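Per TrEMBL, these features apply:
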- A:6-24: transmembrane segment (TRANSMEM)
- A:70-96: transmembrane segment (TRANSMEM)
- A:108-127: transmembrane segment (TRANSMEM)
- A:129-418: domain 'NADH:quinone oxidoreductase/Mrp antiporter transmembrane' (DOMAIN)
- A:133-151: transmembrane segment (TRANSMEM)
- A:163-184: transmembrane segment (TRANSMEM)
- A:204-230: transmembrane segment (TRANSMEM)
- A:242-266: transmembrane segment (TRANSMEM)
- A:272-292: transmembrane segment (TRANSMEM)
- A:299-317: transmembrane segment (TRANSMEM)
- A:329-348: transmembrane segment (TRANSMEM)
- A:405-426: transmembrane segment (TRANSMEM)
- A:455-474: transmembrane segment (TRANSMEM)
Amino acid sequence: MTDNSIILPVIAHLFTAVLLIFFWRKVRIQQAVSVAGNILILGFSIGLFIKTWRAGYLTMQAGDWQAPFGITFVSDVFSSTMILLAGIAGLAVSIYSTVGISRHRIQYGYFPIFHFLLLGLNGAFLTGDIFNLYVWFEVIIISSFVLMTLGGRKPQVEGAIKYVTLNLLASVMFLTAVAILYGLTGSLNMADLSLKMAKIENRGLVNITGLLFFLGFGIKSAVFPLYFWLPSSYHTPPSAIAAVFGGLLTKVGVYALLRVFTLIFIPDEFTATMFTIVATATLLTGAFGAFIKRNIRKLFSYLIVCHIGFLIGGLGMHTSEALAGTVFYLIHDIIVKTNIFLAAGIMYKISGTTNMDKLGGLYADYPKLSLLVAVVLFSMVGIPPLSGFWPKIWLFDAAFSTDTWYLLIAMIIASFITLFVIARLWSDAFWKTRPVQEVPPTDDFSAMSWYRRSLLVTPVLVLAAVSLYIGFGAEHIARLSERIATDLKDTAPYIKAVLGREIVNF
Amino acid sequence: MKSVILRTASNYLLPLLLLFSVFILVRGHYSPGGGFVGGLMASIAFVLHAFANKLENTRKLLRYPPGAFIPVGLAIALLSGLAPVFIGKPFLTALWFSTPVPIIGLVGTPLFFDIGVFFVVIGITLSILFNISENIL
């Protein structure tokens, strides 16, 4: 069955981007078009999600070339959920950017590139073809290179060099792995690969190919020991860009890992153990890195690394419960990580610094805003009943039932350290009185008009509302995550939906 | 460059090369060629003109800044992909007119997609080369 509504979130982003290039250098029109485009795309995403939830699987054979020869776009519940989250985060960042991104950057094409980035993300979530996935990854990283260097300040370029080098290396690994996969099976369609890989006798070769994929996606999603590019580059671009990077960019790597390691490579004991060990190391190094940082945005960057550990750990345990916990954590993490960087941007606008030693007194000056940021911060920590709490229960429970005690200990330590650093951030930035400085910093935030201020705060408010919903409406998200985990475990309906026939010899 | 020979030749070469690039563009579906190569040839024609007659004159000849070709090309490519969606076929399906056009042959959406690529390549190549030569020369 062919359904063009699958591709709408992708095409709409391309359409918006092209429209934006027509209005090159016209700042006001670009801001309006981008926000309008994102609202429209959020509508498409919601529509796609509802449709997919009812039907289970939707497929589209691009160009009418049938699978496994053509490129298939597949929307299952997992990918449509990711599309929906990207739609929400995209809209929030787009609204925030109208004020948070300077005129200068907009004139050099910030908005078109931003839409190309989201185009790549949506494409990566929807594709059912492994080489096409690589192409979408290229779209994503090339857009992100431009966004990271836009503005051309020295620390930005320095951060970008580390980012570009490591990500290109990751692309090479990914491409090599795709080539080996093609050599082994003669197919690039993921559903077809799933059938063909299961029949290959030489399991060693299959495992090595899987590890190459893990290396490629692992670098992109910043797992131990290849995470160091992330904390040294994510604090350099403006907050709006860092928000979309922190919220979505590392997570698309995790999405690809979840997809590839449930559909094509089913982890055997060795691979699964390696995942849990890598996850343990990621959790610990990320947490200890966050422990010593005094710059808010560097601290958040380390927390991204740390929390990737939960996701990889869940994938390593590979029970339905662990996968459901991972998916739940992913949903929560995308919203919260986008939001904390936006909140950090507002704090920077108020105080002119992101150094915790120089911050202070935010609660006294802006009590309502501070409470809003508190909701965001403590959702990330996972204080019950906020959103981070529920997936952790599942992950802890899965760690008990699979006897991966080292992962369990690491998850507990990481949770405590996250709690500690966030509590310290709260007391330093919000409660303590502002340290006396020779030149008192100017408050850009209160100097803005009410309208511009509300454009900055509304996205944070909306995303905070979404995380509150994830926390208090956890039952809905839990049902969604369980359904996705079931889909990931039982791939036969996916394969049948793509190849359009009953599976022979399976 | 001050060579009279080059300058005179470039005036005749520009239309010839552009014609050739269109030829390459059109023959590209089943034979070697296509939008990308055609676009490169067309931009080379303009670069040659710029060498011989100075950059300002080439910019005047083009009328629009080369960057303006990029969104036009992207829009043509996108619309040619969208066309089959309106009659209920999957995105990017090739649609062909039933009767061939004289000289060109069968016309269909892949040709328009290639024309889009052609314009994008011209836009990007010329933007890059013009910027570089303005900064260096």
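The backbone N, Cα and C atoms fix where each Cβ goes, and this holds for glycine too.
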Tertiary contacts of the transmembrane segment (A:6-24) (same chain, 6+ residues out, Cβ under 8 Å): 30, 33-34, 37-38, 40-41, 44-45, 47-48, 58-60, 62, 73-75, 83, 87, 107, 109, 111-113, 115-116, 118-119, 122-123, 126
Long-range environment of the transmembrane segment (A:455-474) - Cβ separation under 8 angstroms, sequence gap at least 6: 88-89, 91-93, 95-96, 98-100, 331-332, 335-336, 338-339, 342-343, 345-346, 349, 369, 372-373, 375-376, 379, 385-390, 445, 448
Non-local residues, at least 6 beyond the ends, that sit with Cβ under 8 Å of the transmembrane segment (A:242-266): 78, 82, 85-86, 89-90, 92-93, 96, 114, 117-118, 121, 124-125, 130, 133, 137, 140, 144, 147-148, 181, 190-191, 193-194, 197, 206-207, 209-210, 213-214, 217-222, 230, 234-235, 297, 300-301, 304, 308, 311-312, 315, 323, 326-327, 330, 333-335, 337-342, 344-345, 488-489, 491, 494
Among the ranges A:133-151, A:204-230, A:272-292, A:329-348, the one whose Cβ pairs under 8 Å to the transmembrane segment (A:299-317) are most numerous: A:272-292
Same-chain residues at least 6 beyond the ends of the transmembrane segment (A:133-151) whose Cβ lies under 8 Å from its Cβ atoms: 102, 104-105, 108-110, 113-114, 116-117, 119-121, 123-124, 127, 157, 159-160, 163-164, 167-168, 171, 174-175, 178, 220, 233, 236-238, 241, 244-245, 249, 252, 256
